[in-house]
């Protein structure tokens, strides 16, 4: 771990830095509110909000998945304490995405929503990803950790490694229908690196003792 990384790790520890990160996570919502008040959400505000909340859900999932690699590979141990906040913001934007779809796009017509889920696979996959996020949000507090036990809690929260790819698949199906896969490839590359970072680190750690023995 370099001196620069040590300094960065220390810089991330103060409470005010976390509060600033909290405000930054809220910034997309605040911008949508301002644009809505000013009538600048475009010719189809419903589509703008459904698309925007979906993209920010995917972005927040990528940020959550980045916590472990940053802690393991960069030595930023202090960022581990941000995981709960970041995970809850990912769920928050997923809820906004569902609300925008169900209310603004479908008019809260439950039969129409059910037909849409049954008819269109990308809606089903997105809905499944959002449902899987619910138990993670409900168990993101210390009382839930104590009730479940650390081992079961960690096992449950590994669902994020399924939720991320499901969200990406949902996004891919939407973009591929419009022949706009370029943005999907960017997120796919980011997520692939983040998902591979954890097993690669474990493999690297297992190899380290063998390398030390060989060099002795």
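Glycine too: its Cβ is placed from the backbone N, Cα and C atoms.
The domain 'Ferric oxidoreductase' feature in TrEMBL is assigned to 53-163. According to TrEMBL, the transmembrane segment annotation covers 55-74, 86-104, 124-143, 155-172, 184-201.
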Whole-number mean of pLDDT values that fall within the domain 'Ferric oxidoreductase' (53-163):
93
Determine how many residues of the domain 'Ferric oxidoreductase' (53-163) DSSP places in helix, in strand and in coil.
97 helix, 0 strand, 14 coil
